[in-house]
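The structure appears right after this line, and notes come after that.
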Amino acid sequence: MKLQFLGTGSGMPSKQRNVSGLALDLSNVTWLIDCGEGTQHQMLYTKIKPRKVTAVWVTHLHGDHVFGLPGFLSTRSALDGTAPLTVYGPKGLKKWLEATLRVTGSHLGYELTVTEYSDGDTFIQDDHLVTVRKLEHRFPSFGFRIDGPEKPGMLRVDLVRELGVPSGPIYRTIKESDRFEFEGKWYDSKEYVTEPIPGKIVAILGDTIPCENARKLADGADLLVHEATFMEAEQALARKYGHSTTREATALANACAVGKLIVTHISARYVGREEEFVQEVVSDFPSSLVATDFLEYTVGD
């Protein structure tokens with residue numbers, strides 16, 4: 001899984017950061033996590049192809065997370081996108097999106113499905129398991145835990161050779177079948193293949209203050225994407241507006257033993273104070289990045 005941040009600011013666009021938008025590359029398809037105003041314009045500076053986007057996951061319905069969605073859906077159609085697309089989001093998304101497309105006379109040349117989720121829902125999309133949890137914000141906001149598919153184990157070539165099996169197509173048969181035959185005898189393939197390799201886990205949180213569901217989503221994740229709208233000195237402001245601070249994000253990363261933390265949704269008040277902001281994050285959780293627009297990160301790097 002590879003992520004590219006299309007917008008890392010909060011509230012409104014700035015010269016330094018666009019509003020929320022994140023692309024998740026799953027090798028042969030792409031997902032968007034939120035689609036704030038200008039997201040499709042940001043995509044012009046990347047290699048992301050709208051027609052390859054198969055799903056959009058909306059964390060909540062604040063404008064800085066959804067105002068770019070109708071435009072993106074229309075542009076995808078104009079660029080000859082014909083494959084079906086599913087938009088997942090909280091209650092109210094379907095009504096708003098259908099009204100916007102209807103009132104603007106927007107016609108989509110592909111099948112659009114809008115699925116409204118609730119706390120605890122799970123979905124299988126493009127062979128990935130997505131778990132949805134409700135967070136704590138001034139407005140209904142959610143986060144996602146994305147479990148990638150496990151990969152087959154490695155062939156134990158040493159054991160296979162002990163049987164006298166020559167290299168060739170039978171090696172693939174052993175890996176992909178429950179049993180295999182060699183010289184008139186049948187063998188259980190699992191005895192000659194290592195355990196399956198677990199898929200990568202990515203947790204992506206919408207706007208939130210610290211809460212138990214955030215912990216459930218992040219627990220043991222290879223990557224946690226967490227908002228950090230404010231630095232710790234503005235903790236009172238963070239609580240007033242339903243957001244998290246840098247140290248609240250790092251505290252969760254530490255508590256959940258995540259592999260990597262990337263903080264995003266950064267307030268424009270910190271323009272010119274970027275080094276100070278970064279230091280506050282990495283001093284508490286060294287395996288951290290502060291997202292900037294167009295940052296790319298491959299899970300496992």
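Even glycines carry a Cβ here, placed using N, Cα and C.
Per Swiss-Prot, Zn(2+) 1 binding site is recorded for His60, His62, His137, Asp207, and the stated evidence type is sequence analysis. Spatially close to His137 (Zn(2+) 1 binding site) yet at least six residues away along the chain are His60, Gly206, Asp207, Thr208, Ile209, Gly242, His243, judged by Cβ distances under 8 angstroms.
Swiss-Prot lists Asp64, His65, Asp207, His265 with the feature Zn(2+) 2 binding site. In the three-state DSSP classification, His65 (Zn(2+) 2 binding site) falls within a helix. On its own chain, His65 (Zn(2+) 2 binding site) has Val19, Ser20, Asp34, Cys35, Gly36, Val58, Thr59, Gly206, Asp207 as residues at least 6 apart in sequence with a Cβ closer than 8 Å to its own Cβ.
The feature active site, proton acceptor is assigned by Swiss-Prot to Asp64, with sequence analysis given as support. Using a 10 Å radius centred on the Cβ of Asp64 (Zn(2+) 2 binding site) and all shown protein chains, the other Cβ atoms total 22.
A simple way to gauge crowding: the CB of His62 (Zn(2+) 1 binding site) has 22 other CB atoms within 10 angstroms, across all the protein chains here. In the structure shown, the C-beta of His265 has more C-beta neighbours within 10 angstroms than that of any other entry among the binding-site residues His60, His265. Other than Asp64, His65, Asp207, His265, the residues of this chain whose Cβ falls within 8 Å of the Cβ centroid of the Zn(2+) 2 site are, in sequence order, Ser10, Gly11, Val19, Ser20, Asp34, Gly36, Thr59, His60, His62, Gly206, Glu227.
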